[in-house]
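Trainee: This is the structure I have questions about; it appears just below.
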């Protein structure tokens with residue numbers, strides 16, 4: 001458990017099961033739900049920097065970019081319509097996550113993943129065949145619906161399937177799939193941009209069907225989680241599933257914990273009203289604050305608009321797409337680092353280290369852009385060494401994000417909520433995330449135009465604030481069984497006062513290992 005002498009009612013023999021292949025394969029298949037999100041994040045920025053795409057759908061932006069060759073580099077892509085293409089998806093995902101919350105609760109995690117995959121598939125077909133802006137935007141909205149369903153159900157599914165001691169690593173499978181999706185998308189864009197006849201963007205958008213098919217077929221064969229089967233009232237089946245995923249015959253204690261949690265959850269008719277009660281204040285605050293901060297690290301600016309950003313900073317067409325591939329590779333490698341370290345060093349250590357790393361590199365990036373383009377945005381990167389240093393700094397920043405706020409932004413909110421508010425908590429997490437993704441996606445090119453290099457200082461300021469918040473207000477949750485999470489909140493110097501005594505499983509819990517300040 002979390003370090004010596006920690007025994008609670010259901011905690012002595014719990015989770016002693018071997019980590020078996022069944023669990024690992026199940027979690028890997030479920031994590032593929034992240035592929036659709038990642039592919040889309042990566043593809044849209046590359047497509048919006050392709051001239052044939054801009055000529056067909058956004059001729060005004062195309063002319064503006066051509067005009068800016070020698071002038072103000074900060075403003076050359078400033079178009080609300082262009083950003084609406086990218087960010088309309090996140091509004092749809094926001095709305096979808098609320099519907100997904102009901103489906104996830106009533107029909108199981110698996111059904112949400114199936115619906116998500118099918119709707120996303122439909123959107124990718126529409127996008128690839130788009131003849132006008134309406135088809136393009138409707139396709140994007142369908143993609144958004146698919147992503148809302150996937151992001152709502154996959155992290156919860158992974159947290160419920162995984163044994164406590166490797167829950168962090170398996171859950172980050174979702175983030176891993178997102179980063180792989182981004183990388184594949186960057187590579188696809190690099191390839192399709194070379195197509196001379198100018199239809200490469202269609203291929204880029206239509207290939208989103210591949211991860212959608214993978215996710216849909218995968219979800220079709222997945223079993224549901226014991227928690228979810230119990231929630232729908234089938235005790236025998238739930239117990240059999242728990243035995244299968246733990247690889248043990250005797251799972252009575254853990255099963256009893258699940259049944260107790262499920263009984264408590266059934267008494268809750270309105271999880272939405274419930275999550276507003278004082279006893280759930282820590283979970284509510286974390287489920288709102290973490291996704292808000294995750295977007296204000298400024299990461300999506302790099303992900304969405306990496307090619308556009310590199311182009312703005314004076315990299316050529318191919319070079320800008322290639323640079324996006326390089327930061328994509330760094331993203332994948334750093335995510336692997338977090339899979340290896342998250343259950344060993346804990347969530348908090350990664351949050352703090354990543355925050356410091358992002359803060360320093362953002363200040364450096366902002367400083368370099370200021371030096372090259374000044375306040376009026378005229379000038380250019382003097383190629384060679386300077387551009388390489390900038391790319392290296394952006395990679396340091398991406399790595400810092402990819403082993404901290406990237407995966408943990410999805411992991412922590414999905415593991416801290418008790419069952420009775422878990423669907424609602426995750427829906428809040430997804431919708432706050434999508435709302436701020438939308439806002440930043442919509443405003444970024446305008447902000448670059450007005451704040452100029454200060455944009456990077458703006459994000460660095462937020463990184464400083466969020467790192468301080470984590471230091472004081474997030475307890476460590478590694479190795480804590482998901483149904484015993486309240487013990488950690490109860491032991492926290494600030495949140496303890498919100499948690500009533502009866503919310504802690506087995507009132508005689510010894511809380512020593514969690515310490516006061518952690």
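In case you wondered, yes, glycine gets a Cβ from its N, Cα and C as well.
Note: TrEMBL annotation is automatic and uncurated.
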Trainee: Can you identify, from 343-364, 365-386, 453-474, the stretch that TrEMBL calls transmembrane segment?
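Mentor: Here TrEMBL associates transmembrane segment with the stretch 453-474.
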Trainee: Looking at 170-188, 227-245, which one is transmembrane segment according to TrEMBL?
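Mentor: Of 170-188, 227-245, TrEMBL gives transmembrane segment for 170-188.
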Trainee: Are there at least 3 C-beta pairs under 8 angstroms linking the transmembrane segment (318-342) and the transmembrane segment (284-306), leaving out pairs fewer than 6 apart in sequence?
Mentor: yes
